[in-house]
């Protein structure tokens, strides 16, 4: 059954088969303007109905139109002619239909997908003259509008059902692949959490002294953790804020003789200019001869130069301590010295 579709651009109307619409997913190219449109959306819902039959003379003299099949009523070959007419028709008395004009108009108006239908129509008109002569038969029936509408509705329902079964490109949820993705996300989250905890532990380990200095309440906790790890919690260290002033090296007793020990006394003042407590630094004492060559170098720990009452205490903020350290030197004559500080 042929349907009528309309080009939305040039308003041309064409006959088209439902099979052709289904084969091309409803897309049709207009034969007039070459515009591609959806044939399902442009189907004519109202099919023209013939109200009266035309005589044979008027049918043969009807001019060609844009759709030559619109004026041709449906053929009913199941009903025989009524009356006393002879079943054998005289071809000489019947006017010959103008099939040439119909062929020209049909080939110029039908879309590219309907060209083979026009050829079939012309062949039928040439090879079967009995069907052409039935155009003037008074017993032919008019096309039924309700059947065309029912076929149109069935075609639209089939096209919607085909479109609903088109596979979607969106990912389906609840598949095994989604479960694997969820497991991967959980593993990545757990690994990220472990990495953050490890990074925080590294920061606490590196800056444990600063944390203990700025938050004294956490010192005991940090010391217990370091006892298990094998580290030590001390005060914050700012060596540049510790100064040594007024250092002097005095010889006691007689002048040094060659091959005898010389008793020296090192006096100096140490000051903590930092606003917070610091640990006591280690000292490096270098003794030089008259040529400024270092002949003795000695490392002095805090418990060696501090009095007994300060050994177990930190170097308090803004604290100033005067220290005296006796030194015994065996060897060359000492003419000068140099004292430095450092944190081990």
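First residue shown is number 1, and so on along the chain.
Every residue, even glycine, has its Cβ placed from backbone N, Cα and C.
TrEMBL labels come from automatic prediction, so no person has curated them.
Predicted, not measured: the structure shown is a model, and the values here were computed from it.
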Stretch carrying transmembrane segment according to TrEMBL (options 162-184, 185-207, 208-230):
185-207
Within the same chain, where does the transmembrane segment (185-207) have neighbours whose Cβ lies under 8 angstroms from its own Cβ atoms, ignoring anything closer than 6 residues to its ends? I mean 6 or more beyond.
222, 229, 231
